[in-house]
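Trainee: My questions all concern the structure below.
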Amino acid sequence: MAKPILLSIYLCLIIVALFNGCLAQSGGRQQHKFGQCQLNRLDALEPTNRIEAEAGVIESWDPNHQQLQCAGVAVVRRTIEPNGLLLPHYSNAPQLVYIARGRGITGVLFPGCPETFEESQRQSQQGQRREFQQDRHQKIRHFREGDIIAFPAGVAHWCYNDGSSPVVAIFLLDTHNNANQLDQNPRNFYLAGNPDDEFRPQGQQEYEQHRRQQQHQQRRGEHGEQQRDLGNNVFSGFDAEFLADAFNVDTETARRLQSENDHRGSIVRVEGRQLQVIRPRWSREEQEHEERKERERERESESERRQSRRGGRDDNGLEETICTLSLRENIGDPSRADIYTEEAGRISTVNSHNLPILRWLQLSAERGALYSDALYVPHWNLNAHSVVYALRGRAEVQVVDNFGQTVFDDELREGQLLTIPQNFAVVKRARDEGFEWVSFKTNENAMVSPLAGRTSAIRALPEEVLVNAFQIPREDARRLKFNRQESTLVRSRSRSSRSERRAEV
């Protein structure tokens, strides 16, 4: 009698464990408030805030806009001039960054990881070693145009433009991610400098800065200290004596950490020659060779991951130690395309299968290019919101909601942003100059379902279902299913013929 009872209890425990495991796997994002995605109209958005720094420009979109609130994200575009340094900072939300132009280096500061890049011991002119503290730091990573870079929440990072042209980078912050346990406001915490709040309108910034300045000066006055302009980094609010004790330095050096009277902003110009950090030096040929080797290693590691999944071996979701984590994948290289149609264009994707850290961040991305007059067939995103940033050119875009209403029917141009909510259907058609975009998606493995073409939902339906659903002859149903042999990207009919048909109507 006891055995059946024990068996029942054991089975119940297994079911509970499996249920909890499923919740843990699918719990990457916080729930939306009711009605947050009840959007009757979408707009192509321009940046609403612009901040000029010493060596660059920061432009952001209003994170309180209904479209971005629906997707649960914030977006900022940073332009870093040659020899410009984006100061070290971390965010309350995980970030995906797309490098739209330029190249440079970045450092990501994982806590507890060793300083694997170190300076060699130098010798004096007499050939004898001098006693000095060698510089050591964590790994330096190169980036170039077309790269997607992942930054986990709370992990500090910096970027430097070591090229001859500006770096333009699009940062998406997933504020609805469970890694963010603050509110839904995007927050950047700077380790240096006196930066402005990228997401706050200039008038509000000036008021808040003035209020904090008064409070800080009042506190200094109570301690009999000389009044100074308040900095805006994480060290600014501490007493200089505490910092001096923590770093074992004098008080004057500690005050320099607080960046008082520093008006350079969050992107500063490196003085003199280029930033001197410890990193391997490559020629262009060596760098291209190393990038080819890296792509080969990524393909091999992807093959190994597939084999391990088929073999039933469990993994940690990252496949690497934290300290050697891959953070970058290039999706701008045409040879990297996942979908390619010779006359229409190409699409590349990055997800947790080819960049495992995205399983942690619960994000993915798509990079697309449509040639002149080409069409990205109507489709919907099954499991993610899509935030589309137009990189080059123009496209006609239509978006349809669950009521069959057109919520967007307009042109999307370079530099604009469009949010496409989950399950809303969308179609894109390039103008004469073509169209290129990057889409950030709020799922580690975002899935797309086409409405037309070889892999579409219509193609998958039986003819009899189409005949009865649309009240059409069987021949028309067959044409709907089989007239388009391409899967996703197709060559559109000429715009002139479309204009003629519209004129006839």
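Each residue, glycine too, has its Cβ placed from N, Cα and C.
Reproduced below are the annotations present in Swiss-Prot:
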type	residues	note
SIGNAL	1-24	signal peptide
DOMAIN	42-255	domain 'Cupin type-1 1'
REGION	118-132	region 'IgE-binding'
REGION	193-232	region 'Disordered'
REGION	208-219	region 'IgE-binding'
REGION	238-249	region 'IgE-binding'
REGION	282-318	region 'Disordered'
DOMAIN	329-478	domain 'Cupin type-1 2'
Trainee: Helix, strand, coil: count each for the residues of the domain 'Cupin type-1 2' (329-478), based on DSSP.
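Mentor: So the domain 'Cupin type-1 2' (329-478) is made up of 25 helix, 73 strand, 52 coil.
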Trainee: Compute the average pLDDT of the predicted model within the region 'IgE-binding' (238-249).
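Mentor: The answer is 94, the mean pLDDT of the model over that range.
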Trainee: For the region 'IgE-binding' (238-249), what are the DSSP-based totals of helix, strand and coil residues?
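Mentor: Across the region 'IgE-binding' (238-249), DSSP assigns the residues as follows: 8 helix, 0 strand, 4 coil.
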